[in-house]
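Feature list (source: TrEMBL):
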type     : residues : note
DOMAIN   : 84-146   : domain 'Anoctamin dimerisation'
DOMAIN   : 149-718  : domain 'Anoctamin transmembrane'
TRANSMEM : 157-186  : transmembrane segment
TRANSMEM : 236-255  : transmembrane segment
TRANSMEM : 302-326  : transmembrane segment
TRANSMEM : 346-364  : transmembrane segment
TRANSMEM : 396-415  : transmembrane segment
TRANSMEM : 525-554  : transmembrane segment
TRANSMEM : 575-599  : transmembrane segment
TRANSMEM : 680-705  : transmembrane segment
Amino acid sequence: QNEEKWDFVLVSDIHEMGSEKEIKRKKFLDELSKKGFTIKKIEDTKLFYGVRAPQHIFWKYQCLLANPDNRQQNSSAYQDVPVTTRIRVVHFILQNTVTSDLEKLHVLIKKKVFEAAFPLHKKEEIREILKKKWARWRVLFKEQPIEEIRCYFGENVALYFAWLGWYTYLLIFAAVAGLATVAAGATVFSSSQVSKEICDANSTIMCPLCDQNCSFWVLSDTCTYAKVTHMIDNEATVVFAMFMAIWATVFLELWKRERATVATSWDLYGWDEEEEELALQLINDSQHQPQLYQHSYFRSTIVLILALLMIMVLIGIAHALVIYRAVATALFTQSQVSLLSKHADIIAMMTGAVLHYLTIIIMTKVRSHTAPWALLPFLEKPRTFTQRENNFTVKIFLFQFFTNFSSLIYIAFFLGRINGHPGHYVRIAGHWRLEECHPSGCITDLFIQMAVIMVLKQTISNIMEYLIPLISHQLRKKQKPPRKRSLMLGEEEEAEDPCKRQWLNNYELNEVNVFSLFNEYLEIVIQYSFTTIFVAAFPLAPLLALINNVIEIHMDAIKMMRLRRRMVPRKAKDIGIWLQVLEAIGTLAVIGNGLVIAITSDFIPVQVYKYMYSPCTRDNHTGMDCSTGYINNSLSVFHIQDFEPHTKVLPEFKGKQIKEYRDYRHADDYTYTVQFWHIFAARLAFLILFEHVALCVKLIAAWYIPDVPQKVKNKILKEKHINLCNEL
């Protein structure tokens, strides 16, 4: 039975005898034979080569790395090397075996000499446990079997699921806080003075929202939106934003503790990736010389310029979305359909959000199929695979971050602030007016945009992520040739090789590559950005993320166990560069939420009014709400005769001379009032105060929670002491 244990399977098309591809394939297999590999060939519609490494390779590995799995060199040593280690070593040797033509396996796969190379999903006890306890929908709320995942997929995959599980668990607290914020907005703050004034303002006539076909309108028309806005734009939001800044820090600090515990229990504290790679190089080729570290300022500058160009392109796409919204608003208002013309601004905003989602999908596809990423490793010349992966991660994360957030940044901080004022609007190509914020406040626009993108990402994207591998697996299974051809000829059917069925089943599964896990990380880290950076505008983000992650864990498990070929296990003692990315997002979250409250929301203007301009400042009105009169105070007067010539004013308003708009400007020359500058100063002061307090609290939380638990430190200390005593 030992004979039937194969480490890897190579798949090739059946080439003509003597053809170039057939000769190259033979050369590669001969190199493996020279290294002592056992090779078994099975012919079907493709050629399958089972590969098994000789035992001495693993003895060398154990000796060089003083592996804790080390045993006496006996015939049962096969059992002593964990299957994950075995696959990892064989994969390394296969990838680094060079033919006499100086070609490696990845070059031969590009030249179609081989089609694929993969380790096998085998019928073993641990696989059945994982299928039963993990890779099925029934166990949605059960704890993950991390130890079993590690034994089957290696430490790298196990750490991803441990991290994802930990993040999902801590999201419960953020989701509850978000729900409480919305509930407080809907109950405590629902009877707010500000929204009451908007609902009662049926005699306040506002300037038209577009140039053609737009009538003047009454402020009380936006009553419903004002109430919705106040659900998310109130004092509770400030507390929630501060809570989320602390939550992001506590999450990372607690994860560091969890990781330290896991790494110790897996005996990975002393493990060094560089040493392992050098050992594998020497096992593969005893004459191997290590590749030295390299750094070039010239190459780094080129990479930096390329990265900046990429960001400029993405900002350009965000500009295109801005133009779309401005043009769409103008076109919808001129539409004959009353629904379109009546709600032009909302429809333009919603379709803009859907369009933004589509650009995210398209740019993600472009990112995964473009050549520039392939050039970067040649420019940077990373020494190890991890180095290359880290460099790649930072650039791709930046790409995805700007794809996802450039439009949101515009809506949060620029929308309604750069569009001028009645009689002097900023226009695109001198024709289309830049859109304004929703009359009930700018935060509503950000809320709608985030809600649309998050809901679409978590429904459509997840369904596609699951269905595409499922359908492609079913299609691959259907491509089988008709079997039992020999029976048709009336001959005896020869006994089928037991390996054949297993190898074919594995071949029919979807391909995996070194970045399969990277894509899973990227998806969750972008989601983490949505959950933290603009969470003040969308307090339900953590709840949506929580629901998504509970499904995501088991969807990833099902994909890995049932729909994809087995991943090559990799050793790791942490989640790598992703930790630094998460810490950077944590800092951005403090800045982002501070800016949303200071700039996007009406929190600061209301506070300035309460303490400087309200009736409370003049008399002792104890029983009065100090925000009384805020709405009237926040409106400026505009004379109709000052409209630009091509603005079409409907005839019924020709006689009336004065109308209003949201801003702080003088009625005669439309320059800013003193109150505008008071609010501006207050926004700046709040931003500085909020960010410094939040960052100080983050630093205190990071100091207060040790990265490594005492128990783990003491365990390592005792082990060092015992080892030194033994040496002595």
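Placed from the backbone N, Cα and C atoms, the Cβ positions cover glycine too.
For the transmembrane segment (157-186), the residues of the chain that approach it from at least six positions outside its boundaries are 143-144, 146-147, 149-150, 230-234, 236-237, 239-240, 243-244, 247, 250-251, 254-255, 258-259, 262, 517, 520-521, 524, 528, 531, 535, 539-543, 545-546, 549-550, 552-553, 556-557, 560, 567, 569-570, 572, 574-575, judged by C-beta separation under 8 angstroms.
Outside the transmembrane segment (575-599), and at least 6 residues removed from its termini, the chain residues within Cβ reach (under 8 Å) are 159-160, 163, 237-238, 241, 244-245, 248-249, 252, 255-256, 259, 386, 389-390, 393-394, 397, 412-413, 417, 443, 446, 521, 525, 528-529, 532-537, 683-684, 686-687, 690-691, 694-695, 698. By the Cβ criterion (distance under 8 Å, sequence gap of 6 or more), the transmembrane segment (680-705) is not counted as touching the transmembrane segment (396-415), fewer than 3 such pairs being found. DSSP places the residues of the domain 'Anoctamin dimerisation' (84-146) in helix, strand and coil in these numbers: 32 helix, 3 strand, 28 coil.
Counting Cβ pairs closer than 8 Å to the transmembrane segment (302-326), the top stretch among 236-255, 396-415, 525-554 is 396-415.
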